[in-house]
Amino acid sequence: MKLRITLALTSVLAFCVFGDKENENLMENLLEDDLLDIFTDAIHMERQETNQECIAKWKSCAGRKLDCCEGLECWKRRWGHEVCVPITQKIFCLEKWKSCFERKYDCCEELECWERRGNKHPVCAPKQ
């Protein structure tokens, strides 16, 4: 795809610089048909690549605020970390005794993520 774009742009540039009358009809056809298709395909592919590189929910978006996946926005946590969160979610902090696994800094005020013994997930508990 990128080769087709490069060749099309090179042809257009050469035609503009040299103004070859013999190839004028060829250039008109290229501009009318192929070039439009080539650029449309390139834009579509670029969008697909961008969508594949989006940042998932609760993952860091530091330095990439506009790259959260669809339905998510970059939100700055209390402790300075930025993560992608659902746009419609109003309360981002985790309430008392809720799991804070992979969300260590998201406990509500007066709570902290408490590591429990054994193989249990950590929970938000009152600060000690």
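Any Cβ shown, glycine's included, is placed from N, Cα and C.
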Pick from Cys68, Cys107, Cys108: which cysteine does Swiss-Prot list as forming a disulfide with Cys84?
Cys68
Which candidate, Cys69, Cys74, Cys93, does Swiss-Prot give as the disulfide partner of Cys61?
Cys74
According to the record in Swiss-Prot, which candidate from Cys93, Cys107 pairs with Cys124 in a disulphide?
Cys107
Mean of pLDDT values spanning the repeat 'Domain 1' (54-84):
86
Using a 10 Å cut-off between Cα atoms, which of these disulfide-bonded residues sit near Cys124 (disulfide bond): Cys54, Cys61, Cys108, Cys113?
Cys108, Cys113
When you measure from the Cβ of Cys108 (disulfide bond), how many other Cβ atoms are you left with inside 10 Å?
15
